[in-house]
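Chemist: Here it is, the structure in full.
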Amino acid sequence: MKSKFKLTTAAAMLGLMVLAGGAQAQDKPREVLTGGHSVSAPQENRIYVMDSVFMHLTESRVHVYDYTNGKFLGMVPTAFNGHVQVSNDGKKIYTMTTYHERITRGKRSDVVEVWDADKLTFEKEISLPPKRVQGLNYDGLFRQTTDGKFIVLQNASPATSIGIVDVAKGDYVEDVTAAAGCWSVIPQPNRPRSFMTICGDGGLLTINLGEDGKVASQSRSKQMFSVKDDPIFIAPALDKDKAHFVSYYGNVYSADFSGDEVKVDGPWSLLNDEDKAKNWVPGGYNLVGLHRASGRMYVFMHPDGKEGTHKFPAAEIWVMDTKTKQRVARIPGRDALSMTIDQQRNLMLTLDGGNVNVYDISQPEPKLLRTIEGAAEASLQVQFHPVGGV
C-alpha cells in the first residue's frame, strides 16, 4: 500500500512538471536560426585571409577581419583547397572549390560559389568542369575581368586551359584552349574584358573576350624572358597599363599593354654589386606589389639565395622606384610570403602564413601600423575589400 502511494505521488508530480514545462514553452517561443549576420565593420575596413589549413585541407576557409583593429568579423567555408576573390563592386564574395561525395573520395564536383559580402550568406553555385586548378593560393589562379562580368580561372587536368564563367547567368561559358602551355590570369585594368597569361615559350598571350564571354581576339608577345636561364615568378606588380615581373635571380621584366599589342621590355636588376655578392634574391608566393601613384614596387627578398630558395620567406622588403630603377628603401621582412596593395588608401598587407602586417606606404619607407596575430592556420593570400575600382 505504501509503495502504491509513492508511485501515485511520483506520477502526479511528473504530470505537474510536464504541464509546467508546456506552459514555460508557450511563454518562450522557439528560436529559429536562419544563419548569416551583418558584418559589423564597414566594407572599406575589411580584409580577407584565405586559410588553406594544410593539416586538414578539406576544411579551408576565408577569415574576414577589420584591419583597423584586428577584430574577427566572420568566416566563409571553402571546402577542399578553396580560392577566393571579392567582386569588383564589393557586393559579393566569390569562392572556387571542390567537393567529393565522401569528402576524400567519390564523385568530384567543382564549383564557383557566390556569397553575400555583407551578410556572409550563400547565394548560389555555378558548376565547373572537374578540372579547376588545385594548388596554392596565387592571385592569378582565380580572377575576374575588369568589368566584373566574367570570372576567369585556371584549369589543369593536367593540360592547361582557362575557364570563363558568366556570373550573372550562372554559366560556364567556355575553355580558352589557346592558353594551353600557359599559366595564371593577369587582368588588364585598362580594358573591360582582357587578360594576359604567361606561356612556356617566355612570351605573354593576351585574350580579349566579347560581351558573351567567348574569345573575340588574341595575340602573343615576343619572348619576354628565358624560361631556362631566368624564369620569372607568376605574380605581377600590376599598373593600369603595365605589368612588372621579377625573376628568380632578381631581374625585372615589364609588359606594356597600353596599345593594341603587348610590348615587352627588360631586364633590369634589383641588385647592386654588394647585393649580388651576398646572393640576395626574391622569394615568396604573391611576393610583389605596386603603388601606382608613386611607381614604387615592393619585393620580398632574402640573402644566400640558391636553386630551390625561390619560396623562402622575406628577410627584407625592398622598395624599388620603377622609374629610376633604384632601391629607395629596405625594411625587415618579418618572414612574409605574400602581400597586397590598396591604391586608394596607401596601404600594404603582408602575410607570413598566420599573421597579417598592416603598413602605411604613403612614404618611400613603409611604416608598420599593426599586426593581426593568428589570423590563419596556414595562409598564403590576403586581400583588401575593393574600394574605388581595380
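Each residue, glycine too, has its Cβ placed from N, Cα and C.
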Chemist: Per Swiss-Prot, what member of N81, N88, N137 joins F54, L57 in binding substrate at one site?
Modeler: N81
Chemist: Pick from Q26, Q144: which does Swiss-Prot describe as pyrrolidone carboxylic acid?
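Modeler: The residue tagged pyrrolidone carboxylic acid by Swiss-Prot is Q26.
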Chemist: Please list residues from the chain of F54 (substrate binding site) whose Cβ is under 8 angstroms from its Cβ, counting only those at least six apart in sequence.
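Modeler: The list for F54 (substrate binding site) reads E377, A378, given in order along the sequence.
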Chemist: Rounded to a whole number, what is the top Cα to Cα distance in Å among the residues the record ties to substrate, namely F54, L57, N81?
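Modeler: The widest Cα-Cα gap among those binding residues is 9 Å.
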Chemist: Using a 10 Å radius around each Cβ and all protein chains in view, which of these recorded positions has the most neighbours: L57, C199?
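Modeler: When each Cβ's neighbours within 10 Å are tallied, C199 tops the list.
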Chemist: Output, ordered by sequence, the same-chain residues six or more apart from C182 (disulfide bond) with a CB under 8 Å from its CB, or 'none'.
Modeler: T160, I162, T197, I198, C199, G200, L205
Chemist: If you take the centroid of the Cβ atoms of F54, L57, N81, the listed substrate site, which other residues of that chain have their Cβ within 8 Å of it?
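Modeler: Neighbours within 8 Å of the Cβ centroid, excluding F54, L57, N81: S52, V53, H56, T58, S60, F80, A378.
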